[in-house]
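Participant: Here you go, one structure.
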């Protein structure tokens, strides 16, 4: 028999740190008081409404939400998991035991089971703790009598007289189940929280919770593996009994471990004191160095001050001597009174030189010393940065590395990183970044704390390069900084659009995905039948598709991916007044006379062909990017062929009348030309044969962030 007072630790709610009251079983199998679950959910909802958790943490005097739990609430709030009318409602609950964010489903708290077994054990503990304090009758007139029994069907306690009155012989109530006095009333039958009129009679092995037959037939457990309640009861009880017997048989080993842990506690205390002394000595050394530097700086300033004051005082005395009847002037006036020529000349020669110097100094007055001490300003900016990074470094903490393949710049910056090893991972990461500017001498890093291994940044300037670095923290220990990675933002704000499925869209040759973000040309049987009717010298025409939004002014950028298997794709822009001409253009762009080796690629033909095109397009295909043949382009055809970037971007500047084609991975311009922007401009694409184009998704969409403007 286990002493009831020895299990108090198992009966404490992790949220309120008190004995459980109506505990609920979470999907992670941890228990939390019913009231605590509601209060945590209220604090969680308030964090979305208020944008923080500082005020909501004080909403209840009973609950004590830990700082880590509130940090996780803030993290979920920042992560972009937001509800809106278009998505099904789902309740997230930060479990105070396992520190994970648990999904309670659409029913939320109403879908949780009450742990009656734990509730019964808590009640037995309460009775043992209060030494059988009397439970009073619920029906006696004042003053109430001590109860002698409790009815489990009525959920009330009675004295002998009241029990006879409310449970008369020969009635249905006389058959009620009664026990000794208690305040813990549990139902005889456990009902399903999702189907309130059904009793649970099965156990879901996947979700590890009791379910009813409706849950299995058409509910959330339809495809889960279930067993009967009696089988689950027998199996779990056997496993639990066997595990308990094993632990009891290892009592000597447990005691040995406890002894070892006690020694480790003492050793930890000693080592921590030693670490404190070493840290204090290190800082004392820094204090000593700073005190020496401070004393030396103050001495230098004091010495310079004394020298300057002495020079200025001497200069003051010299100028005072120039006053009448004072100093040099007074002495010269006395010399002038000499009447003996020989004596006068003997004295006046040297005196005249001094008078001349005084006259010259009076004409060009200049202080003998500077009054400013600009040379004695101590620049401590670098030292402050170094001291700001002063922390405990550990060789065991992995140095994170920024993953340049997963990181990208688009409408926002997504920076992702990973650790080479999986052990001793950090609890939190600090991401720093700054804009590269050659004019700035000192670098000011912007800092942000991240709980995961990726971060979305939205405050970056267009057409700018940024340096990024990251380090991990585990408590007060941090890793060294990662290698700096430089990335460049798009040359203009990102322009959002979808493929237009109405204007000129050829559904026989082109196929759009439901979201209208990808288009694929069908090089199938209809195209084969069309080619069969054509004669030698003409293969087929391009199938065009445009964006559903136009651009009238400003500078804009958009990006897309072209599948590697694509045979021929053309991308660019088309003005609104030439869209009809684009879709009705009968020019044979794939005629052999335009092929490189056909013998018909004369300059006059190219000029006629370029001038006849209704839009500005460049050619892609077979993993190549073809720079158009222009007078400024290289004459060698081989030098006009570049490898096709994994992501291609287009920048349209309507104000300057120019369009540029970029490698969107590094934001490098591959080709730029003039374009007529007299009307609204639309993104244009053309495909032939097997080809596919995918529009680049916004960073917010891939990170599950919801914004009303998307």
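Here the Cβ of each residue, glycine as well, is placed from N, Cα and C on the backbone.
Bear in mind that TrEMBL entries carry predicted annotations, made automatically and left uncurated.
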Participant: Among 230-257, 258-285, 286-313, 314-341, find the range that TrEMBL records as coiled coil.
Facilitator: 258-285
Participant: Pull the DSSP breakdown for the domain 'Fibronectin type-III' (399-492) and write it out as helix, strand, coil residue counts.
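Facilitator: Per DSSP, the residues of the domain 'Fibronectin type-III' (399-492) fall into 0 helix, 43 strand, 51 coil.
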Participant: For the domain 'COS' (336-393), DSSP counts of helix, strand and coil?
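Facilitator: Here the numbers are 35 helix, 2 strand, 21 coil.
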